[in-house]
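So the structure is just underneath, and the comments pick up after that.
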Amino acid sequence: MNTVKTVRELRAAVARARSEGKRIGFVPTMGNLHAGHAALVKKAGERADFVVVSIFVNPLQFGPSEDLDKYPRTLAADQERLLEAGCHLLFTPTVEEMYPDGMDGQTRIHVPGVSEGLCGASRPGHFEGVATVVSKLLNMVQPDLALFGEKDFQQLAVIRKLVRDLNLPVQIFGEPTVRAADGLALSSRNGYLNEQQRAAAPAIYRTLRQLGERIRAGAEDFPALLADARQALEQAGLRPDYLEIREPISLRPGVPGDRQLVILVAAYLGSTRLIDNLSVHLD
């Protein structure tokens with residue numbers, strides 16, 4: 001595995017791989033990697049011949065009161081994990097390399113519709129930052145395919161629409177959420193939880209599953225279902241930010257009669273905000 005820091009080095013390495021007839025797979029990350037990231041890299045290796053991973057903590061997607069400064073930087077451990085997972089090229093740019101004219105002067109990309117509401121309402125500007133950095137990275141790497149985790153469901157919807165609307169020549173894959181044995185979705189932010197909070201956290205997925213089972217059993221009073229689920233989260237010690245039932249492509253509010261739904265949740269344990277989701281298929 002080679003590690004490069006500049007766009008010039010990145011493009012040269014990818015060009016060499018492509019000249020050898022290799023199919024390029026790409027996994028963008030912010031580092032502090034866990035088994036979920038490793039699964040994405042391994043899956044990229046199954047679908048492509050040459051796997052590129054980026055590690056960049058993108059300031060453009062953090063709000064002024066969010067955890068940019070305390071977000072863990074664990075490059076040495078990340079490199080070891082990536083080597084084991086089968087990464088061929090690691091791109092670790094600086095902020096200056098990504099935004100040479102500064103962030104205030106950076107062209108930004110807004111993806112309408114799917115970026116609004118849910119995390120878009122709670123984190124103004126977040127998806128603009130995500131769409132901008134992903135667009136830049138896809139242009140820098142120019143992969144045949146890119147992989148993202150389904151845990152960040154709204155982010156995946158934003159990226160799919162971005163790629164579709166801008167006719168970017170890349171195939172986007174969403175990969176299933178990797179979970180701990182107790183159901184908690186793996187996340188770099190789980191490390192912020194103390195012992196008591198970590199013990200309470202599995203209530204998120206447990207509540208999603210219970211809500212999904214009720215919908216599959218035929219319950220159609222979505223407001224009442226959501227009220228019960230919010231109460232269950234609160235009783236477990238969580239503070240819900242949002243809990244909603246949506247249609248999975250457009251992310252419009254789900255209605256009885258929809259055959260494909262996704263339940264999305266964001267909830268706080270202390271100051272740590274965790275997200276998760278559950279797809280519900282009624283066919």
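Just so you know, glycine gets a Cβ as well, placed from its N, Cα and C.
According to Swiss-Prot, the ATP binding site annotation covers 30-37, 149-152, V178, 186-189, on the basis of sequence analysis. Under the DSSP three-state reduction, H37 (active site, proton donor) is assigned to helix.
When Cβ atoms from all protein chains are considered, those within 10 Å of H37 (active site, proton donor) total 26, not counting its own. The active site, proton donor annotation in Swiss-Prot covers H37 and rests on sequence analysis.
According to Swiss-Prot, the feature (R)-pantoate binding site maps to Q61, Q155, an assignment based on sequence analysis. Of all Cβ atoms in the shown protein chains, 21 besides its own fall within 10 Å of the Cβ of Q61 ((R)-pantoate binding site).
Per Swiss-Prot, the feature beta-alanine binding site maps to Q61; the stated evidence is sequence analysis. DSSP classifies Q61 ((R)-pantoate binding site) as helix under the three-state reduction.
Cα distances from S188 (ATP binding site) to the recorded positions H37, Q61, Q155 are smallest for H37.
A 10 Å cutoff on Cβ-Cβ distances gives L33 (ATP binding site) a total of 25 other Cβ atoms nearby, all chains included. A 10 Å cutoff on Cβ-Cβ distances gives E150 (ATP binding site) a total of 18 other Cβ atoms nearby, all chains included. Q61 ((R)-pantoate binding site) has M30 as its nearest neighbour among the recorded positions M30, L33, G36, H37, V178, going by CA to CA distance. Under DSSP, M30 (ATP binding site) is assigned to coil, being neither helix nor strand in the three-state scheme.
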